[in-house]
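Visitor: Below you'll find the structure I mean.
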Ligand SMILES: NC(=O)c1ccc[n+]([C@@H]2O[C@H](COP(=O)([O-])OP(=O)(O)OC[C@H]3O[C@@H](n4cnc5c(N)ncnc54)[C@H](O)[C@@H]3O)[C@@H](O)[C@H]2O)c1
């Protein structure tokens, strides 16, 4: 990972962690299992999907739309990074 | 469209919170839906929402993996319900509006078509007065989101026929639902219990006894409520809740059931819950 990529990953992770902790009213470590801890309700799970799509200009489709990809802040960050790399939007 | 005795289409009236999630449920289970509303803007918004709800349902494993999605048709014309095997009425909780719409629907569909009302608590027998064949009307109280909540409350009115109950069960089986049948009464079981609880929760907040979060956390942590009454209220829609409470108060004569000041104040301000982005909680403009 280049320094620039590392900064991007960190920024994405912070963005996601900020969104999640704002909504659940608690600090959320990047590796905490959000489903197991009951922090994420079924409604909020879908908001997460929509939020990631809007905030990072990605589309989460088909097989990517599975709970394991949303289980932790770290997993969501990895998903966003992978989709951004695959899509390479014009402003990347 | 030609009349098709083996058609697998239901018609849903009302493309609001419930009409959308019932439609998503049916489509996800491979049943075609004709969705009727009085507003074209509402129908456009509903199409986008339903697509999102289908994703949500799949995400949560609510639909069988191999299931092909049903076809959605949206329309402003109630006549489009003519070929449906069942009609689900999910319009605004207003008894005269429902009476008018059900009368219209019952004039359009063929005898033998199951008529279902999703009212939160208007007695089925009251609504039965406005339809041509009261025996074919039953209540099915789906909960929001209909595609995720497995259980429904089925209300058998005094005039509801055995065949109608059987047809309702066959449709619910198709939709993967479990059901409990109850007799007719204002608010049935679930709204009679839940709505006054939410009303009291709002009163508790207004009186300053506890915050919105504290009320919900206590009901979750101590009493096993899945989301807490006030988060549930936001999911239902506070306008619908106030309407249902008013009807419940009128029909039971219990004035404590009338919507409390805080609830009415929020409705007046247009803070209707998730559907407007703010209710008891703030959803930061995330609509779902
Ligand atoms: N919101 C819930 O959680 C919930 C749960 C169970 C049952 N219900 C019941 O379901 C019904 C619908 O509630 P909702 O929350 O979806 O309301 P809503 O206000 O979100 O939607 C009602 C819709 O009905 C439409 N409508 C009004 N008159 C119509 C007509 N004549 N023909 C076609 N469409 C018409 C409106 O334009 C609106 O889009 C109500 O009876 C309500 O009590 C609601």
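For all residues, glycine too, the Cβ spot is worked out from N, Cα and C.
According to TrEMBL, the record shows the following:
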type	residues	note
DOMAIN	B:9-184	domain '3-hydroxyacyl-CoA dehydrogenase NAD binding'
BINDING	B:14, B:15, B:16, B:17, B:18, B:19, B:37, B:93, B:98, B:120, B:144, B:275	NAD(+) binding site
SITE	B:141	site 'Important for catalytic activity'
DOMAIN	B:187-283	domain '3-hydroxyacyl-CoA dehydrogenase C-terminal'
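I'd like these features described in context: how deep, what's nearby, how far apart.
Guide: Looking just at the domain '3-hydroxyacyl-CoA dehydrogenase NAD binding' (B:9-184), the mean pLDDT is 97.
Cβ neighbours of residue B:144 (NAD(+) binding site) (same chain, under 8 Å, six or more residues apart in sequence): B:17, B:18, B:21, B:235, B:236. Taken residue by residue with DSSP, residue B:144 (NAD(+) binding site) is part of neither helix nor strand, so it is coil.
Other Cβ atoms within 10 Å of the Cβ of residue B:141 (site 'Important for catalytic activity'), summed over all protein chains shown, number 24.
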Visitor: Just to verify a number: CA distance, residue B:14 (NAD(+) binding site) to residue B:141 (site 'Important for catalytic activity'), in angstrom, no decimals.
Guide: 15
Visitor: Give the distance between the Cα atoms of residue B:16 (NAD(+) binding site) and residue B:141 (site 'Important for catalytic activity'), rounded to the nearest whole Å.
Guide: 15
Visitor: To see if you understand the setup: which same-chain residues, six or more apart in sequence, place their Cβ under 8 Å from that of residue B:98 (NAD(+) binding site)?
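Guide: Long-range Cβ contacts: B:89, B:91, B:92, B:117, B:119, B:122, B:127, B:130.
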Visitor: Take the domain '3-hydroxyacyl-CoA dehydrogenase C-terminal' (B:187-283) and count its residues per DSSP category (helix H/G/I, strand E/B, coil), listing them in that order.
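Guide: Helix, strand and coil residues of the domain '3-hydroxyacyl-CoA dehydrogenase C-terminal' (B:187-283) number 65 helix, 3 strand, 29 coil.
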Visitor: Taking just the CA atoms, what is the gap between residue B:37 (NAD(+) binding site) and residue B:141 (site 'Important for catalytic activity') in Å?
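Guide: About 19 Å separates the two Cα atoms.
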Visitor: Have a look around residue B:18 (NAD(+) binding site) and count the other CB atoms within 10 A of its CB, chains all included.
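Guide: The answer is 26 other Cβ atoms.
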